[in-house]
């Protein structure tokens, strides 16, 4: 959390403001803005590449949320108990204490095998994890073994792309109205889940783990790199989306105020969501008899393993499950609108002719179709490996590098004095001294040291 806040104050907020002001002043997408310094147009292409990668795999995450949403429409959630065909003997459900792992000693003929059997009994898995790995994904052994396309996921992927396209059919005019709902409703669900989470046994252990500083890790460069990646990822810096959306603002809109409010609200939400998540992880750790750090994998496993397990404990659990996955779908769609609009705007701005502006909806449809086709390999049995690979490499440190180059290009090639005058012409006042110092010195230096 300490590196997270350092990165937020000295890199996240300043670069968020820079992208908003850059896009608003130029009124262009992430490619068009580089008329200020054409040699750095590759930064704009980098933003497009990142948005393309994220757009491909992000909709797969949304499609899995759709799948869970549809399967929650039942009296008993399918991942509640360990009595399903896909469950193994290591399964131990929260609501089925009698189904805890038992050892059939007669099946082991030698002392070596008996020891092996006893060791295996100690490794318990939750029914939600087995449902996720063995039923929903049917995960293959390694990244090269694609196996079959999971048709239910493919169908949900099609649904999610159709929803995204329909919400963007009139560009930002339609997505802007939809986002009023997709951005606010998740807070209601988060609060409900937080109230339930802190009442569970072991929740305090999870929250203490969340809040207790591990000072031995403060000198670990990877922790600082992860903090930088998380700030840039959650704020949307270097995706091109901030520049694109800001380009639709009125020229004299106070984007300085917007950047401060959005950055602080965004990161406060992340911290709040941390309490919600770790209260559940603490409960899971207590039940499974393991450390909090071992309860869930990184990546989508948290949303599709730990949380579904906790939802089975709530009264009328299918209702809460529907609400939770509906929230995930809304959160994902809000991001996906921005990613797709970034790509479409960049293409339309780059070609710039009257006919492509008239046929912008058709361009959106083509981008959506290509995105769907490129997402099909991620619905195979090896899809989750590729999804995690893209998530770890396409949208983590690349964001930090792109932002650093953008900062240097604007401050030292276009010129900091020119840029400060542009902002003063647009807002009526120059950027505060803190932002001027961060843009010129602190932000690039911190990113460079992290690299």
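Just so you know, glycine gets a Cβ as well, placed from its N, Cα and C.
For 234, 266, 331, the entry in TrEMBL reads Na(+) binding site. Just so you know, the Cβ of residue 234 (Na(+) binding site) picks up 16 other Cβ atoms within 10 Å once every protein chain is counted.
All protein chains considered, the CB of residue 91 (disulfide bond) has 24 other CB atoms within 10 Å. Residues annotated as disulfide bond in TrEMBL: 82-91.
Here the transmembrane segment (6-26) has long-range neighbours at 32-33, 35-36, 224, 227-228, 230-232, 235-238, 242-247, 249, 251, 253, 255-256, 258-260, 262-264, 267, 403, 406-407, 410, 422-423, 426-427, 431, 434-435, 438-439, 442-443, 446-447, meaning same-chain residues at least 6 beyond its ends whose C-beta is under 8 angstroms from one of its own. The feature transmembrane segment is assigned by TrEMBL to 6-26 (among others).
Per TrEMBL, transmembrane segment is recorded for 47-70 (among others).
According to TrEMBL, the transmembrane segment annotation covers 151-172 (among others).
Look at TrEMBL and you will find 184-211 (among others) tagged as transmembrane segment. Cβ atoms under 8 Å from those of the transmembrane segment (184-211) belong to residues 1, 269, 272-276, 278-287, 292-293, 310, 313-314, 320, 323-324, 326-327, 330-331 of the same chain, restricted to positions at least 6 beyond its ends.
The feature transmembrane segment is assigned by TrEMBL to 231-248 (among others).
If you look up TrEMBL, you'll see 260-285 (among others) marked as transmembrane segment. Sequence-remote contacts of a segment are chain residues at least 6 beyond its ends whose Cβ falls under 8 Å from one of its Cβ atoms, and for the transmembrane segment (260-285) they are 1, 4, 8, 12-13, 16-17, 126, 187, 190, 193-194, 197-198, 200-210, 231, 234-235, 291-292, 294-296, 302, 306-307, 309-310.
Among the features that TrEMBL reports, transmembrane segment is placed at 319-340 (among others).
Cβ atoms under 8 Å from those of the transmembrane segment (361-387) belong to residues 55-57, 59-61, 63, 137-140, 142-150, 153-154, 157-158, 161, 164-165, 168-171, 299-300, 340, 343-344, 347-348 of the same chain, restricted to positions at least 6 beyond its ends. For 361-387 (among others), the entry in TrEMBL reads transmembrane segment.
Among the features that TrEMBL reports, transmembrane segment is placed at 393-415 (among others).
Feature annotation from TrEMBL assigns transmembrane segment to 427-449 (among others).
Looking at 82, 331, the recorded positions in this record, the fewest other C-beta atoms within 10 angstroms of the C-beta turn up around 331.
Counting C-beta pairs under 8 angstroms (sequence separation of 6 or more), the transmembrane segment (151-172) fails to reach the transmembrane segment (393-415), with fewer than 3 such pairs. Under 8 Å, Cβ to Cβ, and six or more positions away along its own chain, residue 266 (Na(+) binding site) finds 234, 235. If one looks beyond the transmembrane segment (319-340) by at least 6 residues along the same chain, the residues whose Cβ comes under 8 Å of a Cβ in the stretch are 51, 54-55, 58-59, 61-62, 65-66, 68-69, 72-73, 77, 160, 163-164, 167-168, 175, 178-179, 181-183, 185-186, 189-190, 192-193, 196, 236, 239, 241, 244-245, 303, 307-308, 311, 364, 367-368, 371.
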